[in-house]
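Reviewing the structure listed below.
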Amino acid sequence: MFISTYKLKTWLNWPPVCAHLCTFAVAFSFSSTWRVPRDAFRYGGLVYALILTVVFVVVALPITLLQLAIGQLSQQDAVGVWRAVPFFKGVGYIRLLISILALVYTSVFVALSFTYLLYTISNSIPFWECQYIVVPDDDETYIANATSCFNETFLAPVSEKPEYYVAVSLVIIVLSTLLPFTLFGPFKFMKRILYVLGPIIFVLGIVIICCIGDRSGLTTFYNSADILNMLNPSIWYGALIQALLASQTANGYLILAGDSIYTNTNIHWTSLIFTGTNVAACWFGLIFWHSVSRGVDRDTSPVAVLVETYKAAVEKELNTAWPILIFILLLLSGIVTMLTLLYPVFDHCRRFGGPKWRYTAIMCSLASVGGALAALAGGLIALSAIEDLAVPLLISIATVAEVLAFLLIYGRKTLVEDVEFLNGKPLASYWIIGWFVAPGAVLAFTMWWAVTWLIDDTKWQESPWEAILIVATFGAAVAIFVIFAAISVAKQMQYDAISKLQASFRPSRHWGPRDPIAHYYWLARREESERNLPRTSYRRQLGQFSGNASFSHISNSVSSKSSLENKKRSNSDDWMYTEYRRKYLEQMYPDIIQHSKKRSMSLDYSVVTKANFVITDIHISREATNIVPELNNNNPSVPG
């Protein structure tokens, strides 16, 4: 059946479809294609996958709903949402710090993938620089160790082979220069990139599995000895951090996406779809790498997937095209990851950086480039320290502080009412229970991992750089929190320090929906809840928060002339305000309103009762005015 271009464009502009195309792309970021297989090689495939799935459902899913709700309601970024509790504004900046630090090692991994892609195109595998062992009896050549091969090339120490360091550094600089330009303009350009990259990564993975996948590798997916790893705190803590990274709740991307991508979606269904898609993508990554790589002595270093690609190409004697396709898959996945990390930082610079916000954004990007070059010089040890110690600890601190601040200080009841305001339906008890369980689980696993790590004697036999990094990371998080808390307290308009401190724990006047109608009824519902008054029904219109018209708006299906002719008029310029005012008065004064609606049976009856209707109308107006102030009184706490 022929599909017209108009219909195709209309379907592609359908907000839920576009939103979940971005969900599909983000699910195939480095979280599922790089980190998950590496951790599975460390702890066991099936055991790690099951633990990761449980953590997704118990911890990541409730936090996903929380961040989507506060992002969609306030239309702010990870820093702006703390207008709800200004004292905790530093948590938002910790989220941005996580983005910058994650961008440091992600840039190195993407640059390595791109460098090995170019090197494989120009040189066949195995690389000529690698160490070889020649067996005279068979007259065959074997690779001694793929990891040592990588250490002889682009991961070699700078002092020994500076030419390789310069090559990777140039790739990092070029990538970090080009990608920010996608975020300087409208956000639509970034979304269109995600629309394309998600399906390409998935199709590439399917093609590679079908052509070079090996069932023998899947036999090592489960090993009975791996069950003992469930007593290791590292597997639980690693799965926890992986779930928070994959669900995009770690760096503030999901809060911002609630305003830009998921503005016109149901947050309940979006949370379920987002989490389910990420779980499926993680399982897909595990199956992919277990089928491609060999099951003996898999690498567990930070670049495990690169090493396993090289080993598979050598041991299976694959055509050069297959490792090239794998490197392309990793490169595209890394680009998606870098965009999701850059976007919160650049958007915050755009919101609060003034007219020259691009210069501030470039400085942040240059800071991440400098960190990436320094980490590359430090080798795998430096990359592992940032990825496995500093960033996870910051994620744990920010997650616990964020959830507890909204539950205990902003208020559980208020938070539930905000979510119900967005969806127009009561919130299920599972989500509320999950909000209380999530910070407890994060805190418990973090303390278990930290205590076990610190009491390990082997960690202190060498130079205690990792212990110093843990202490420095925790100190930096506390310093950021205290500094921005002090700034928030100082900006309050009260007269003494105690009043300023108390005011910093209450929502500012800028908190809430930016749309005037939505903000009005949001305040009205909160006031009604406090006074136990009948709840005003409110159903926000599609596109109301974003300012975009609905895809099914009449202007998309009929001409503008006919739409104006058929437009439903009212006596008020604000139809929505008039309708909800009438409904509210019907709830509060049903007898009076029903009496005023009685129609006259004859002309004489209308003439005789005219005075009574005038008196009744005046009575209604006075009663309504006493309870429902007019909108222009600057007191929209009760619906009018």
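Easy rule for this one: first residue shown is 1, then count along the chain.
Note that Cβ sites are derived from N, Cα and C of the backbone, with glycine treated the same way.
Database features (TrEMBL):
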type	residues	note
TRANSMEM	12-34	transmembrane segment
BINDING	A27, N278	Na(+) binding site
TRANSMEM	46-71	transmembrane segment
TRANSMEM	92-119	transmembrane segment
TRANSMEM	164-184	transmembrane segment
TRANSMEM	193-215	transmembrane segment
TRANSMEM	235-257	transmembrane segment
TRANSMEM	269-289	transmembrane segment
TRANSMEM	324-346	transmembrane segment
TRANSMEM	358-383	transmembrane segment
TRANSMEM	389-410	transmembrane segment
TRANSMEM	430-455	transmembrane segment
TRANSMEM	467-490	transmembrane segment
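A Cβ distance under 8 Å defines the sequence-distant neighbours of the transmembrane segment (235-257), meaning residues of its chain 6+ beyond its ends; these are 22, 26-27, 29, 31-32, 35-36, 39, 42-43, 47-48, 51-52, 55-56, 59-61, 63-64, 67-68, 70-71, 76-79, 81, 92, 95-96, 98-99, 102, 229, 274-275, 278, 281-282, 340-341, 343-344, 347, 391-392, 395-396, 398-399, 441-442, 445-446, 448-449. Under the criterion of 3 or more C-beta pairs below 8 Å, with sequence separation of 6 or more, the transmembrane segment (269-289) and the transmembrane segment (193-215) qualify as touching.
Taking pairs at least six residues apart, the transmembrane segment (193-215) and the transmembrane segment (12-34) share three or more Cβ pairs below 8 Å and count as touching. Across the candidate stretches 46-71, 92-119, 358-383, 389-410, 430-455, the maximum count of CB pairs under 8 A to the transmembrane segment (164-184) is reached by 358-383. Take the transmembrane segment (46-71) and the stretches 92-119, 324-346, 389-410, 430-455: counting Cβ pairs under 8 Å, 430-455 has the most. In this chain, the transmembrane segment (92-119) touches the transmembrane segment (358-383); three or more CB pairs sit within less than 8 A of each other, excluding pairs fewer than 6 residues apart. Proximity of distant same-chain residues to the transmembrane segment (389-410), defined by a Cβ-Cβ separation under 8 Å and at least 6 residues beyond the stretch ends, is recorded for 63, 66, 70, 84-85, 87-88, 91, 94-95, 97-98, 101-102, 237, 240-241, 244-245, 249-250, 435-436, 438-439, 442-443, 446, 450, 466, 469-470, 473-474, 477, 481, 505, 507. Among residues of the same chain six or more beyond the transmembrane segment (324-346), those with a C-beta under 8 A of the stretch's C-beta atoms are 25-26, 28-31, 33-34, 77-78, 95-96, 99-100, 102-103, 106-107, 109-110, 113-114, 116-117, 120-121, 175, 179-180, 182-184, 190, 193-194, 197-198, 200-201, 204-205, 207-208, 248, 251-253, 255-256, 292, 305-306, 309, 361, 364-365.
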